[in-house]
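See structure below.
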């Protein structure tokens, strides 16, 4: 099955991400928090927010998604719970908040010197609320036996709950993540750009930061320049004149 990531695909796509930029989280979605309380999801959003949909028994892409998110949280120089927050919403109505809390504890052990207790919160909900919020945010999935077929994305929200960006996949650049959150803080939306950033940047394990991949970028530029020169030579090449007959 093809998983789509697009803001232009048909609305009846079964699995994938349909970008709903500049739309808002519905104001009446009810979820259960880690204390077992029923709360309004939009009321939980009061700062730039990275929201993900997962199910906690997922044998596939959910763990890599949360691993990638934990990795970028650790590498980011932004303060979790102060500058931004992360919300994880379980989309399997059969799963309990206890299972969500257990999953959260696993990731708290992977992240140091960050306020994951307040900054990365987990929620569950019932089927009706899940269906409405996933549809509103463009997260399309289908049930497959006891599991689900779905895509992986981080949905970036402004402090008033507006969708400003989608970061698709399971690997995120700190620069890309920070830029998305900073723009969300101003209510600015933007297209998905992670493919371009991941091409241009590579991770430096010594400096623990992402640096411009000069070889890759320069190679691309040289190839493009060579193609332009080749085309110009063809276009400007003078035609041969026929010799006059004696």
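Heads up, residue numbers simply count up from 1 along the chain you see.
Including glycine, each Cβ sits where the backbone N, Cα and C put it.
TrEMBL entries are annotated by machine, without manual review.
According to TrEMBL, the Cu cation binding site annotation covers 58, 62, 150. The disulfide bond feature in TrEMBL is assigned to 58-62. Taken from TrEMBL, the feature transmembrane segment covers 217-235.
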Candidate with sparsest Cβ neighbourhood (10 Å radius) among 58, 62, the listed binding-site residues: 58
8 Å Cβ shell about 58, 62, 150 centroid, Cu cation site members excluded: 54, 55, 60, 61, 63, 65, 147, 148, 152
